[in-house]
Amino acid sequence: MWENCLKRLETVLPKDQVTLWIRPLDVELVNDSITLEASNDIILNKIRTHFLTYIKAVLKELTGKEVAVELKLKQINHQPQTTPFVKKKSTTIKITDHLDPRFTFANFIEGRSNTIALAASLQTATASRVEENNPLLIYGSTGLGKTHLLHAIGNEIKKNNPKEVVCYLHSEIYVNQMVKAIQQKSMDAFKQKYRSVTALLIDDIQFFARKERSQEEFFHTFNYLLEGQKRVIITCDRYPKEVNGLESRLKSRLGWGISVPIDPPDYETRVAILKEKAALIQVDISDEVAHFIAKQLNSNIRELEGALSTLKAHANFTRKKIDLKYTKQILKELFKVNHQIVSVENIQKSTAQYYNVKLSELLGKSRKRSIVRPRQMAMFLSKELTDKSYPEIGELFGGRDHTTVLHAYRKMNDLLKQESELSEDKQKIVNILIE
Ligand SMILES: Nc1ncnc2c1ncn2[C@@H]1O[C@H](COP(=O)(O)OP(=O)(O)OP(=O)(O)O)[C@@H](O)[C@H]1O
């Protein structure tokens with residue numbers, strides 16, 4: 001009866017909405033009443049506000065009478081999910097979750113462009129039956145919130161059950177660790193490590209392209225986890241079928257669960273994101289300024305954040321109030337020739353000028369600390385302020401490997417949180433850059 005109800009609902013509502021929101025509910029039918037259980041408040045509210053009327057109408061149509069519908073929160077069973085394999089080895093394997101607590105569902109702003117991805121992520125994080133939405137694949141271009149959602153899923157899983165063994169990993173790190181494991185002849189430990197998690201979050205799977213050995217190992221780990229009903233959540237910068245150099249068996253396996261797109265944000269979402277981020281970094285912008293920026297920058301959320309940091313840096317420096325005129329003046333270049341002014345080449349020049357080192361040294365091989373730190377700063381800014389990928393930046397820094405850039409990015413990201421002097425350096429370089 002419920003299945004008939006779902007099928008009928010699929011004819012009156014978008015099918016993906018039924019799949020994401022209504023199908024995962026637990027259902028109990030008793031005589032003339034029905035209880036629907038959701039795994040968290042957000043889903044419960046969504047059902048109440050968006051779908052309850054439809055559900056009642058369809059039930060009436062099918063049964064010929066009014067059916068009482070009760071909505072309830074599901075009791076989540078917090079028993080850790082372990083496999084015999086884990087039990088045997090868990091004492092020796094240390095797994096760091098690498099979760100960033102700053103990225104949560106609470107501070108992820110919903111808009112038309114990400115509603116499905118957000119719903120699927122929430123379901124995956126809170127579903128009591130792991131097979132729902134498993135594996136989950138989130139795909140979309142750069143700077144749209146895929147990594148944010150991965151961390152939010154991991155943080156939510158840990159919040160609901162601290163005993164879950166969650167692990168976030170960028171695909172590049174997986175590849176690097178595997179290369180090291182091969183060199184050190186410690187492949188068994190490497191395999192065990194990732195097979196003993198209860199939720200594996202793998203970012204930017206397109207980096208596996210043409211890395212056959214890593215793909216093969218990941219494929220087996222992936223199967224192992226799915227068979228053991230462990231969550232696997234993956235992101236990719238496009239639909240994986242379009243990634244050249246990914247093995248077809250892996251592509252097909254990725255399609256076993258649910259694949260959800262994340263698109264560039266619409267205007268209203270951009271404004272909402274700007275306001276939220278401005279509050280977060282304590283920069284005071286009016287509605288007028290938020291609307292102005294949202295109109296100018298319309299693709300990438302990382303760019304919106306870059307614009308805010310630039311404004312903040314300038315306003316701090318000049319002690320001026322951020323009104324529309326000032327915003328236009330400061331961000332003029334950023335808007336007009338976003339990709340010409342804020343190019344990797346200009347970032348390199350500005351950084352070299354600020355630290356008083358030669359451009360050739362910055363791009364050269366020197367391992368002196370006085371050169372390495374400026375180089376890492378320039379790499380960090382290149383990733384923050386341009387849409388170049390890690391390999392592309394590596395190439396522009398004297399043909400370096402993308403892992404060097406990734407390392408520099410992470411290192412600077414950590415240091416900037418701890419050292420206020422370094423943040424000031426960063427702001428001053430941005431000033432030189434857009435002067
Ligand atoms: N809907 C959103 N609400 C709030 N912040 C968001 C949202 N979407 C993205 N962001 C923010 O934008 C920035 C870039 O997002 P994120 O790193 O998740 O992008 P991505 O899609 O993983 O990009 P890449 O593929 O380049 O790694 C982050 O600081 C993130 O917090």
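Keep in mind that glycine also has a Cβ here, set from the backbone N, Cα and C atoms.
Just so you know, TrEMBL annotations are computer predictions that nobody has curated.
Some features that TrEMBL has for this protein:
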type    : residues                       : note
BINDING : Gly143, Gly145, Lys146, Thr147 : ATP binding site
DOMAIN  : 132-263                        : domain 'AAA+ ATPase'
DOMAIN  : 343-412                        : domain 'Chromosomal replication initiator DnaA C-terminal'
REGION  : 1-89                           : region 'Domain I, interacts with DnaA modulators'
REGION  : 316-435                        : region 'Domain IV, binds dsDNA'
**Asked** Across all chains shown, how many C-beta atoms besides its own are within 10 angstroms of the C-beta of Gly145 (ATP binding site)?
**Response** 25
**DSSP-derived helix, strand and coil totals, residue by residue, for the domain 'Chromosomal replication initiator DnaA C-terminal' (343-412)** = 52 helix, 0 strand, 18 coil
**Message:** Across the region 'Domain IV, binds dsDNA' (316-435), what does the mean pLDDT come to, as a whole number?
**Reply:** 85
**Complete:** One finds that other Cβ atoms within 10 Å of the Cβ of Lys146 (ATP binding site) number exactly 22
**Request:** Would you list, in sequence order, the residues of this chain other than Gly143, Gly145, Lys146, Thr147 that have their CB within 8 A of the centroid of the site's CB atoms, where the site is the one recorded for ATP?
**Result:** Gly140, Thr142, Leu144, His148, Leu149, Thr235, Ile262, Ile301, Arg302
**Asked** When DSSP states are folded down to helix, strand and coil, where does Thr147 (ATP binding site) land?
**Response** helix
**Fill in**
For Gly143 (ATP binding site), the number of neighbouring Cβ atoms whose distance to its own Cβ is within 10 Å equals 17
**Request:** Tally every other Cβ atom lying within 10 Å of the Cβ atom of Thr147 (ATP binding site).
**Result:** 19
**Asked** How many of the residues that make up the region 'Domain I, interacts with DnaA modulators' (1-89) does DSSP mark as helix, as strand and as coil?
**Response** 48 helix, 17 strand, 24 coil
